[in-house]
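Participant: Got these off Swiss-Prot a minute ago, pasting:
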- G534, S535, G536, K537, S538, V539: ATP binding site (BINDING)
- 514-733: domain 'FtsK' (DOMAIN)
- 194-221: region 'Disordered' (REGION)
- 339-362: region 'Disordered' (REGION)
- 793-813: region 'Disordered' (REGION)
- 190-881: topological domain 'Cytoplasmic' (TOPO_DOM)
- 26-46: transmembrane segment (TRANSMEM)
- 81-101: transmembrane segment (TRANSMEM)
- 114-134: transmembrane segment (TRANSMEM)
- 169-189: transmembrane segment (TRANSMEM)
Amino acid sequence: MSRSNTATLDSRSNRFVLTHFVWRQIASLAGFVLVGALALAIAALSTWNVADPSFSYATSNEPTNLLGYGGAVFADIFMQFFGLASVVALLPAVAWALVLIRGTHFDKVLKRLGLWFAGSVLASAALSCVPAPITWPLPNGLGGVFGDMILRFPALFTGTFPTGTFATVLACLFTAPAAWCLVYSAGLIGVSEDEEAEPAPEPAPSKARTIRDELEEEDEEGPLTVLMGSLAHMRYTAQARLRRAFGMGAKPAKRQYDEPYDFNNDEFGTLNEPVRPKAQAGRIEPSLDRSERRIVTPPPIMGDEDDPPFDIDERRPAGILPDDDEDDVAADWAPRPAPPKPALAMAGSRVAPPRPKAGQRVEREAQRSFVDEDGDFTLPPIHFLAEPKNVARDASLSADALEQNARMLEGVLEDFGVKGEIIHVRPGPVVTLYELEPAPGIKSSRVIGLADDIARSMSAIAARVAVVPGRNAIGIELPNQRREMVYLRELIGSRDFETTKTKLAMALGKTIGGESVVADLAKMPHLLVAGTTGSGKSVAINTMILSLLYRLRPDQCRLIMIDPKMLELSVYDGIPHLLSPVVTDPKKAVVALKWTVREMEERYKKMSKIGVRNIDGFNSRVEQALAKGEAITRTVQTGFDRQTGEAVYETEEFDLSPMPYIVVIIDEMADLMMVAGKDIEGAVQRLAQMARAAGIHVIMATQRPSVDVITGTIKANFPTRISFQVTSKIDSRTILGEQGAEQLLGMGDMLYMAGGGRIQRVHGPFVSDTEVEEVVAYLKTQGVPQYLDAITEDDEDENDGGGPAGTSNLADSEDPYDQAVAIVLRDGKASTSYVQRRLGIGYNRAASLIERMEQEGIISPANHAGKREILVPTEAEITGR
């Protein structure tokens, strides 16, 4: 009987070993498959781009995702529903893969999956409490659709999405249960109820005898019975395992044993040998880590050398369980889940909100400063600029609100007889672009003419309508209910501004889609800026200047600032980049422009002698010569020898000093044109036509974009223009050649026209006076400006007085009134049009001069024919005497 029982036990053990080995291999294979799936998911999420084709965005462009279209769709679905919590949702899967690779599997599968989903949703809700940055491309928050859905419940009581302290409290309340759910679903916590009851005591020595007695009481079975029993046992075991794996099995009842089984002792090993009690020091509690439990290696089940090796702690012997409890057999024979590891404890940690793509400059400023080669000058640190504020996202930019507005806009257009479909919506920080694909036969001019009607019907302040270049669509731009502010710091510290290869990079602002706009003044090569008072023109000039100061040293770029208003640019007086003090006198402004023209001509002579075509070639040649320790020379013929008649040559050596860029900034062109229009226009025209190769560039701004200020000559030589808000369509056409600037919103909202004529809407950044003053104060500590007196000193004998036909009497005084009186007394003509033509000024200015002469008794009031008499002796009368 004993031998028969031993044979039966041996066959059962062999079947168990084989079944267990197969299941371990399947689990390991599933673990590696899960690792591969995780790698693909991480690759898809890391290369996610909102502009890739997906279920929520239709485009003909090729996907930029690393996994192609499938990866783009997967990443879009996860980002749309979970937001940044998609990364957190993948962490439990990492723990699952590690456990499966070890050949084990989890119990309570459905419960863990449910807690995983709940934890991911709660993590999304916690992230949605964090205000989304202005660079967030999705209409939902950082937690996606699920996060916004959870926050709608507290919003029912507060009336709006949680913000401030309330949002922080909610984020903490969501984070704790989310962390617990994710950690539990990963298998890092959640010990079975049997193991949590109490530590298992040491097995009694009579346990082996009890098992032996039970085996001896069994009837002797033949080979056929053993085979059929084995097949039935394998069938029921597999069935119970599958039912438990998919959650279809009933929860095992809590079982009570006379003496609980100790994993460190193997009763089957004691069937043929006496039981030796273990020492207390070798006892391992079930709650400890698996690696610690494997310190004590138990003997094999049967002690035979032919048995395959496997871990004794990953199975339980069948002899100690009732034969009629098949579900419990499968449950107890199942591999135990791996205990938690410290490396996976971050599964429930909170993910920080994303920041705008900052460049390396922001990171390097904490380590070292930007110092030039000589170590004398340090570029200003970026912390002088204000940080962007975390503003709660606009509820009107949600997907539902945008879809509703698109349908409403289609209805408005259909009311005016324009049929079409809104094919795409691009929400931005200030305005939202709705791309309309008109029906065949609809003219774009017809839709553009409905801009005011569209704004009225949509209850908007203004609406701008323009054709989208390169697409069969018409763009309709409507302002957002809540306007987001663009800060200069996020543009200066962005990767686009830092990594650009442009020479004179200027941060202009952000597009409708939130992309940074960095323009190169060296390629423009000159810039015309126009806009009414309060439109953001002066702030834009400050941002352009700060962009140059944050990127270039004084030996690389020098500035000449002309500010007739004496308020806007005077704050920069004293920085090392200036070639002269800020020019506020209009007469000295003419002198400064003429010096710039002479400097341009001198640079052309130098470049011609060396044989280069532009300033970059000149500086490159100088750097190469300095690196090699050579001198740049040129051999020229100076004449002939009188005795031999041979040509005489001399070697001319050039000064090896690189030429910096020169940027001339004119803040108010209208005032200069009023005082000395012809001289200003002539100097600006020469600079605009020729100064590009010499490294001299002009930024000219005006608040009166009329044809007498922005003349045809100036427009022809300034292909790059920026228009802020203007008052009429005529002014918009004067600047850009088309309407649209009158529909801008002000406060930095601009239309940027590059050299090719393509117009782009840009939202300019804001920089306060305090930020400018701090940067200027820092630059003043870096060095003293080296002014050139020749810039504002006129050594030439000028007799034109600013007009085309002036005489020597006009040069005696710099006052326009004295010049006008001299013209009237000399020529004997006292009319407004005559004074206007002689002085080259505007009609209103000339009329005011005539009225002043009348008040001072120089001329008489106009008679019925408009004629005026000169009441004082004229120059001809005095000469005749």
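Glycine too: its Cβ is placed from the backbone N, Cα and C atoms.
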Participant: Test of understanding: give the count of other CB atoms lying within 10 angstroms of the CB of S538 (ATP binding site).
Facilitator: 20
Participant: Any contact between the transmembrane segment (169-189) and the transmembrane segment (81-101), i.e. 3 or more CB pairs below 8 Å with pairs at least 6 residues apart?
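Facilitator: These two segments touch.
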Participant: Return the single residue from the binding-site residues list (G534, S535, G536, K537, V539) that has the minimum number of other CB atoms within 10 Å.
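Facilitator: G534, out of the binding-site residues G534, S535, G536, K537, V539, has the fewest neighbouring Cβ atoms within 10 Å.
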Participant: Which residues, same chain and not among G534, S535, G536, K537, S538, V539, have a CB within 8 angstroms of the centroid of the CB atoms at the recorded ATP site?
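Facilitator: Output for this site, in sequence order: G531, T533, A540, F724, G746, M747, G748.
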